[in-house]
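Listed in TrEMBL for this protein:
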- C:20-44: transmembrane segment (TRANSMEM)
- C:74-99: transmembrane segment (TRANSMEM)
- C:75-272: domain 'ABC transmembrane type-1' (DOMAIN)
- C:111-130: transmembrane segment (TRANSMEM)
- C:150-175: transmembrane segment (TRANSMEM)
- C:196-217: transmembrane segment (TRANSMEM)
- C:251-271: transmembrane segment (TRANSMEM)
Amino acid sequence: MTLSAPARWALRAVMALGLTFIYVPLLLVLINSFNGDRTFAWPPHDLTTRWWSAAWANEGAREALLTSIRAGLGATAIALVLGTMIAFAVQRFAFFGRDTISLLVLLPIALPGIVTGIALDSAWRSVMGDLGIGKGMFSIIVGHATFCVVTVYNNVLARLRRTGTNLEEASADLGASGFQTFRYVTFPLIRSALLAGGLLAFALSFDEIIVTTFTAGPGVTTLPIWIFNNLFRPNQAPVVNVVAAVLIVLSVIPVWLAQRIAGPQAGAGRT
Amino acid sequence: MRSGRILLAALAAGVLTLAGCGDDGGDPAGSGPGGLTVPKIDELAALGAGEGVVNVVSWAGYVEDGSTDKSVDWVTGFEKETGCQVNNKIAGTSDEMVALMKTGEYDVVSASGDASLRLIYGGDVAPVNTDLLSNYQDVFEGLKNKAWNSVDGVPYGAPHGRGANLLMYRTDTVTPAPTSWSAVFDPASPHKGKITAYDSPIYIADAALYLMKTKPELNIENPYALDDTQFQAAVDLLKQQNELIGEYWSDYTKEVQAFKAGNSVLGTTWQVITNLTKADGAPVEAILPAEGATGWSDTWMVSAKAQHPHCAYLWMNHIISPKANAGVAEWFGEAPANRLSCAETKDPNHCATFHAEDEAYFAQVWYWTTPLARCVDGRTDVTCKDYAAWTQAWTTIKG
Amino acid sequence: MASLGSYLHRHPRLRLAGLLSAPLLWLVVAYLGALAVLLVSAFWTVNGFTGEVVRQFSLGNFRTLLAEEVYRNVALRSVGVAAAVTVICVVVAVPMAFFMAKVAPAGSRHWLVIAILTPLWASYLVKAYAWRILLANDGPMDTLFGGPGYGLPATVLVLAYLWLPYMILPVYAGLERLPDSLLEASADLGARAGRTFRSVVLPTLVPSVLAGSIFTFSLSLGDYITVQIVGGKTQLIGNLVYANIGAANNLPFAAAIACVPVLIMVIYLLAVRRSGALEEL
């Protein structure tokens with residue numbers, strides 16, 4: 001669309017304002033990680049690096065980070081498998097109730113987290129509790145996977161719609177087995193969609209707190225729960241800022257990697 | 001722990017109610033509130049060698065092994081000394097604590113006043129043979145054999161620490177200095193919009209305490225035992241107070257920050273919050289108002305099904321020992337339970353600041369207890385409002 | 001392998017069953033099952049004396065919910081907040097996404113996407129707390145704009161901040177799929193920018209915006225933490241659910257309250273589905 005120069009400038013200004021809006025609070029987090037005041041008095045009256053050394057020595061934070069990564073990877077793996085299966089079923093077959101499936105997949109994330117959380121919690125207690133399986137890492141992964149399926153499903157479905165089935169039919173015509181066709185034709189086609197969906201699934205899981213609050217067993221601390229427990233303790237709150245600042249910086253790595261592997265599509269996957 | 005604490009106390013409500021349900025109706029009348037019986041469980045007779053492990057359920061921050069902060073560690077030394085390896089499970093709520101103790105996998109628990117009775121009447125914890133705890137003799141008398149940690153004079157645990165819910169104000173804006181809770185209930189308060197209150201249904205007890213002293217015709221005997229009329233009066237007072245409130249607080253970072261910035265200038269607090277706010281340079285003071293105040297106290301209890309009872313006793317004795325008790329008290333900002341702890345705190349004034357040795361001070365404190373339908377003040381002719389009713393009322397108060 | 005493959009190829013129903021059984025078992029049995037149990041428990045009550053759940057049908061919880069004015073007020077307030085957050089997100093996200101997809105040089109697009117995605121990794125709680133500092137008395141917002149302080153407007157602002165990326169991404173993805181050639185064709189046929197926007201861009205935009213709104217709306221509707229941090233004395237429906245389950249151990253009443261956002265979201269989703277936006281997610 002041919003936009004007038006003022007229109008372009010206006011859009012550019014909006015973009016700049018929007019990015020400022022997004023990044024000013026993050027900048028504040030970064031500055032506060034050096035703020036000598038324990039409850040972030042503003043403006044900072046002295047600067048210190050002691051929170052950074054305290055965070056470095058904080059085993060609880062490191063363990064929580066590992067727990068979150070494990071939970072995120074577990075949930076993402078399940079979401080990748082389930083999401084892809086549903087996407088294939090919906091795109092390649094016509095069956096009764098197909099329209100309802102997209103609604104069903106969406107439901108866990110569309111309903112408020114607190115509802116999903118208490119539903120899973122009470123079901124877990126009454127069913128799994130009787131089987132002697134307490135809440136812990138497994139229940140966190142189950143909870144997260146439930147609402148992560150939708151990100152993979154959406155990305156894969158969109159990709160399948162775009163690519164059609166010609167290449168797969170050609171592969172079959174040339175004598176490839178179903179497995180070979182999947183391995184050499186279908187999978188490469190959907191790889192970047194899987195990456196995009198998986199990345200979003202991981203991000204959703206990684207920062208989830210409400211569902212986790214209800215599905216985590218007492219002994220398992222994910223990073224958001226660790227942050228929740230520590231943000232409200234004055235001696236620990238500045239350490240939380242450090243952890244958050246580190247996360248922001250580290251987060252560039254998976255996003256950048258995904259972009260490198262899959263091209264610009266990946267990072268921009270649909271939610 | 002602090003942030004969870006309020007909730008916990010409130011949560012205890014569930015605990016107390018459970019206390020009543022030993023065996024749905026089959027219980028003969030007994031010594032408990034409303035005719036409940038305490039299950040007969042034997043206390044440990046003699047202390048033997050540790051079993052090598054102790055499984056603990058605790059509030060966050062009660063069992064620190066140096067993983068949060070290298071200098072905060074009262075677990076490693078205990079493990080070396082006794083050979084009992086400490087497996088700690090942090091519980092977020094009193095309900096969770098009770099549920100965990102019911103599994104029988106845990107040996108000791110740091111129960112709040114609202115969970116302790118539920119555990120006792122549920123048969124989940126055993127009476128404690130305090131002769132086996134060499135440090136018990138040094139625990140303040142004001143914490144021994146209280147309603148929330150004993151039944152008929154039989155102790156069920158080792159007291160851990162205590163604190164009061166005080167009235168804090170900014171000295172630069174609130175003049176003259178308040179002396180009564182009326183400062184936070186006065187409809188004509190000049191500080192409208194800058195008053196804060198604790199965000200939990202248990203705060204209704206603060207209003208009841210105020211009415212107990214100012215409206216004698218309501219005959220409130222105990223701020224946790226309110227019949228319909230008394231309850232309605234407290235709720236009405238809080239609805240009126242809602243007009244004055246700027247924000248309710250529930251964690252201490254939030255309150256410290258609000259008082260420093262001046263968003264709040266007057267309201268309930270804990271001693272530790274006042275100290276932190278002062279340390280950060282804000283002009284605040286906290287007082288125990290003329291009417292007295294609400295407060296809290298936790299107790300270490302041992303499971304009736306403890307698989308490692310000897311290590312459990314060793315742990316209880318350790319956590320109330322002067323050094324460990326001082327460590328916890330300072331890390332959390334509360335008054336220690338052991339009087340000898342006062343010589344062990346890093347800050348020599350810790351006990352003075354937190355009034356640890358001031359029994360007259362704590363005599364004015366009503367410790368958090370879960371409100372039950374069976375009135376906890378012993379009245380049998382009326383039904384009291386239980387914690388679920390308190391919660392629903394809290395919703396209507398906030399509007 | 002090959003024979004199994006060809007067998008399956010000849011029996012598409014079997015393939016379909018194979019693809020769908022595991023996910024459906026998960027979503028229908030585990031998730032919908034759990035939801036159903038929760039909703040059923042809304043008809044139960046808690047015995048005030050024992051604290052035990054009484055599994056006996058009763059409309060008591062819903063009666064309380066409807067009779068007490070406060071629940072209606074809080075429900076309306078929550079929907080209002082969710083709607084306001086969604087509107088703000090749309091207003092901010094559409095021009096930004098448009099710039100990213102159609103104006104920014106192609107090479108810089110994926111850097112912009114990264115810039116939008118990165119904040120998602122910073123903890124939600126930390127971001128909310130950063131806003132608490134920004135909004136404090138004499139804090140940066142107060143100094144610059146003289147407000148808004150803590151309260152309902154602050155809650156809306158912070159929620160809009162938190163969920164903005166969830167609106168930008170689907171709108172950007174939708175616009176990116178719109179071929180530039182289509183826009184050029186429209187211009188070549190003499191349409192002005194405004195006309196092109198209405199006739200070409202808008203039809204793509206509406207489903208994307210609706211898709212994004214599912215996230216901003218539902219995430220706002222269920223939130224109970226942000227409002228505690230910057231909401232002053234405000235309470236939303238999530239707080240009520242949390243208070244009743246967390247503190248009072250009154251699961252049946254919490255479940256009854258939870259029915260309200262569930263009902264609102266299901267109606268919303270069905271409305272959105274009629275518009276065909278679910279295809280765009």
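Even glycines carry a Cβ here, placed using N, Cα and C.
Curation does not apply to TrEMBL; its annotations are automatic.
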Return the stretch with the most CB pairs under 8 A relative to the transmembrane segment (C:111-130), choosing among C:20-44, C:150-175, C:196-217, C:251-271.
C:150-175
Going through C:20-44, C:150-175, C:196-217, C:251-271 one by one, which has the most CB pairs that fall under 8 Å from the transmembrane segment (C:74-99)?
C:150-175
Do any residues, 6 or more residues outside the transmembrane segment (C:20-44), come within under 8 Å Cβ-to-Cβ of it, and if so which ones?
53-59, 61-62, 251-253, 255-256, 258-259, 262
Cβ contacts under 8 Å made by the transmembrane segment (C:196-217) with residues that lie 6+ beyond its boundaries:
82-83, 85-86, 89-90, 93-94, 98, 160, 163, 166-171, 173-175, 177-178, 182-183, 186-187, 265, 268-269, 272, 275-281
